[in-house]
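Sequence annotations record features per position, and here Swiss-Prot assigns NADP(+) binding site to ARG48, ARG54 based on sequence analysis. Annotated FMN binding site per Swiss-Prot: ARG125, SER126, SER127, ASN238, ALA239, GLY278, LYS293, PRO294, THR295, SER296, SER297, ARG319, in sequence order.
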Amino acid sequence: MSGNTIGKIFCVTTFGESHGEALGCIIDGTPPGLELSCKDLQYDLNRRRPGTSRYTTLRREPDEVNILSGIFNGVTTGTSIGLIIYNHDHRSQDYSDIKNLFRPGHADYTYEKKYGIRDYRGGGRSSARETAMRVAAGAIAKKYLNEKYGITIRAYLSAMGNIKCPFKSWQEVENNPFFCSDPEKILALENLIKYLKKIGDSIGAEITIIAENIPVGLGEPVFDRLDADLSHALMSINAAKGVEIGDGFSVINQRGSEHRDEITPQGFLTNHSGGILGGISNGREIVLKVAFKPTSSIRKAGNTINKNNEKVQIVTKGRHDPCVGLRAVPITEAMVAIVLMDHLLRFRAQCSGK
């Protein structure tokens, strides 16, 4: 009911706030026998970690994960896996001036109206800091899917503002702080971020995720369609405002003769559907795009109200990302992995004997 859990067989429950003592999660449903250590989770956590680039937030957190349960002699036991990450570099005093104000574009207003109380320090539970535990849980799913089924899940920055970044190379994605696959776009991205920092503003971004070697049959129509669950998971990420699957919204300009993925004995000729038909994976790569809004915490003064419903001006202090898309790549990968892991285990439970 409280919306802190995702999944039916592979279940992930997260807890913690941006400026609380720690972040944590419980992962239930991991099959036994998977070799797993903190090192397996730390790689993706380091990719998401704040303070690793001059282009992201200056908050510096080691994000070192500890495994509390579910592992014995280096392998999963099939019981619940408990993970925890302690917060270190939180500066709650940065938010003391706005504790009675509602930051426009944030969850301050809606949390206050819904619960009658909110943690104003860094956004509390609504902060993107919460996604660290999703990345840790997603790393477990990614490892299992890859080792047992050869499934790979990778993402890259495909647009920042009006800078389009077409795919060029997966190797290049990990060679720059933007997760951009096109080296020719790096200078333009750098200049844009520098300019935004100078004027105290922010920009939106688009992330593309591609999952390969997906077996046919994942997804449960009607209400648990694979594309519906993937959209739900991706839209649950902070600042996500839109999801496209396959050709997405460009289908409105296509004709049926163009969009349909014709089939031959060798397989599908095209992949306009993004690897999902009728809510079920068709064996082609799953292609997704997520649009992220500009960061709402900026230095530019803006209009808002306080708790007394009085009109005021607000300038948000603190340490914030000029573009949340820069750290969204491992988060989107994690959410796709969690959904695919859950659906694969559900498929195995229902259809393994056919």
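Glycine too: its Cβ is placed from the backbone N, Cα and C atoms.
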For SER127 (FMN binding site), nearby residues of its own chain (Cβ under 8 Å, 6 or more apart in sequence): GLU17, SER18, ASN238
Under 8 Å by Cβ from LYS293 (FMN binding site), same chain, sequence gap 6 or more: GLY105, GLY204, ALA239, ALA240, LYS241, VAL324
Residue with minimal Cβ packing [other Cβ atoms within 10 Å] among the binding-site residues ARG48, ARG125: ARG125
Rounded distance in angstrom between the Cα atoms of THR295 (FMN binding site) and ARG48 (NADP(+) binding site): 16
Nearest-integer angstrom distance between the alpha carbons (Cα) of ARG125 (FMN binding site) and ARG48 (NADP(+) binding site): 18
Cα-to-Cα gap, SER297 (FMN binding site) vs ARG48 (NADP(+) binding site), nearest whole Å: 19
